[in-house]
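Here is the structure we will look at.
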Amino acid sequence: MSPINSLRRNPWFETVAEARRRARRRLPGNVYGALVAGAEHGRTVDDNTAAFGELGFAPRVAGHHGARELATTVMGVETSMPVVVSPTGVQAVDPEGEVAVARAAANRGVIMGLSSFASKPVEEVCAANPNVFFQVYWSGERDVMLQRMERARRAGAKALVATLDWSFSQGRDWGSPTIPERIDLWTALRMAPQVLPHPGWLWRYARTGHVPDLTVPNLRPPGGRAPTFFGAYGEWMGTPPPTWDDVKWLREEWGEPFLLKGVCRVDDARRAVDAGVSAISVSNHGGNNLDTTPATIRLLPAIAEAVGSEIEVLLDGGVRRGGDVAKALALGARAVLIGRAYLWGLAANGQAGVENVLDILRGGLDSAVLGLGRASVHELCPDDLHVPPGFAVALGSGSGPGR
Ligand SMILES: Cc1cc2nc3c(=O)[nH]c(=O)nc-3n(C[C@H](O)[C@H](O)[C@H](O)COP(=O)(O)O)c2cc1C
C-alpha cells in the first residue's frame, strides 16, 4: 500500500489482531520486536493466548439481560470494567508514551498501571489519570526504594504494584532487537535503514522536535539525572533478590492497596496473603520470563480457589479479547491486566488506538456477559465455560519444602 493510501485508511480497527498488524507496519523493526518480546522458544507467550482458545463458552438461548453491569473495583479503586492497563517499560513507541495511555484509560474510566521503567514521569501520568497504580521492581538500596515510592505517593498514585518474578532470562530463538543506550547522531545514522521505511512513526517524533529519549525518569535520584534504561537495568540486576520478609517490609512501608504481580504457584499465593498484600496478579510476565511456564489462565483456578476469599486475585497474560476477560472472571479473577494489546493500539494510532483497544475489550466482554445470560460481571462463574479435561494446572499445591 502506498503511503498516501495508508494515510487515507480508516484509523479505527476492529480487533487487537489488526492493531498488532498496524503496529508491525508502523514501527521500526527493533521497536516492534521489543513489544512482541517473549523468551527463548516462546512457548509461554504462545500458551498464554492459545489457552484462552481452549476454553469454550456455555451460552444461554433466552432470558438475557437488556443492560449489563461491567463496572467493578480493584483494591477499592473504581473502574468502568474489569480491565487494568498493565505496567510496561517500553520507550520509543510513541512520543506521548504513557501519558497518551493514561489519558485513554481515563477517558474510558480504566485504571492505569505505570512502570517504574516507563518513559514518562509519574507526576505527568497521574495528572492525566486520577487512578494510577505505580509499579516497582526490587531494585536499589532500601532508602532509594522508599524515596521512589514516596515520590509516586506524592504524585497521587493510588496503589503500589511490586513485580518480583523477573529472572533476567535472556535470548529469543527469533532474535532480540538491538536497543541503543541513547540516540545520538551516530546511532540515528546506524538505525536509518530500519527507521526510514516507517514515515508515520518518524513523523510523530519529528513533530515534537525530539528523538526518543531512552531514559527512565521515575528512577531519577533527587536533584540528579534520569538513568538510561540500561543503567537502571544494571542497578536492578545488581540488587540481591527479595525474601518474603522483604515483601512484607515493602508492603508495610507502602501500606495498602498493594498488589504482588508475578504469582504462579498456590504456595506463593498463600505466602503473599501472609505478607499482607491486598491483591496478587497471576502472571508470568507475559511470557517474557521463564519460558515453558504454563499459561496464566491454566494457573488461575487453583490459586483463586486457595486465596480468592482472602485477597483479590487478578490475572495477566494473553488477554486479546473481551471474551478472554469473561473467561478469566469466570475462573475466579477479579479483573485482568493487559500489556501488548494496548501497546499495539498505542503504536497503531496513539491515544485513540488505546481507546480503540479498550472499546474492543469492553464490547467483547459485554457480548459474552449478554450471551451467557448474566446481568453483571460479578455473576460469571465456571458453569459459564467448557473447561477441557486437564486444562487447569496447580503449581505448588503439594506439601513440598518451603522457604
Ligand atoms: C514490552 C513489555 C514490557 C514490559 N514491561 C514491564 C514492566 O516494566 N513492569 C512490569 O511489571 N511488567 C512489564 N511487562 C509485563 C506486563 O505488565 C504484563 O505482565 C504482560 O504484558 C501481560 O501479558 P500480555 O502482554 O500478553 O497482555 C512488560 C511486558 C511487555 C510485553
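Any Cβ shown, glycine's included, is placed from N, Cα and C.
Automatic prediction, not curation, is the source of TrEMBL annotations.
Residues or ranges marked as domain 'FMN hydroxy acid dehydrogenase' in TrEMBL: 8-390.
Around the Cβ of P87 (FMN binding site), 24 further Cβ atoms fall within 10 Å across all displayed protein chains. Sequence annotations record features per position, and here TrEMBL assigns FMN binding site to 87-89, S115, Q135, T163, K261, S283, 316-320, 339-340.
For R172 (glyoxylate binding site), the same-chain residues that are 6 or more apart in sequence and have a Cβ closer than 8 Å to its Cβ are G38, A39, E40, G42. For Y137, R172, H285, the entry in TrEMBL reads glyoxylate binding site.
Here TrEMBL flags H285 as active site, proton acceptor. The Cβ of H285 (glyoxylate binding site) lies under 8 Å from the Cβ of T163, D165, W166, G262, G317, each on the same chain and at least six residues away in sequence.
Counting in whole angstrom, G318 (FMN binding site) lies 22 from Y137 (glyoxylate binding site) by their C-alpha atoms. Across the residues annotated as binding glyoxylate (Y137, R172, H285), the widest Cα-Cα separation comes to 23 Å.
Around R320 (FMN binding site), the C-beta neighbours below 8 angstroms that are at least 6 residues distant in the chain are V16, A17, T49, F52, A341. Look at the binding-site residues K261, R340 and count other Cβ atoms within 10 Å of each Cβ; K261 has the fewest. With a CB cut-off of under 6 A applied against ligand 1, the binding-site residues Y137, R172, R320, R340 are reduced to R340.
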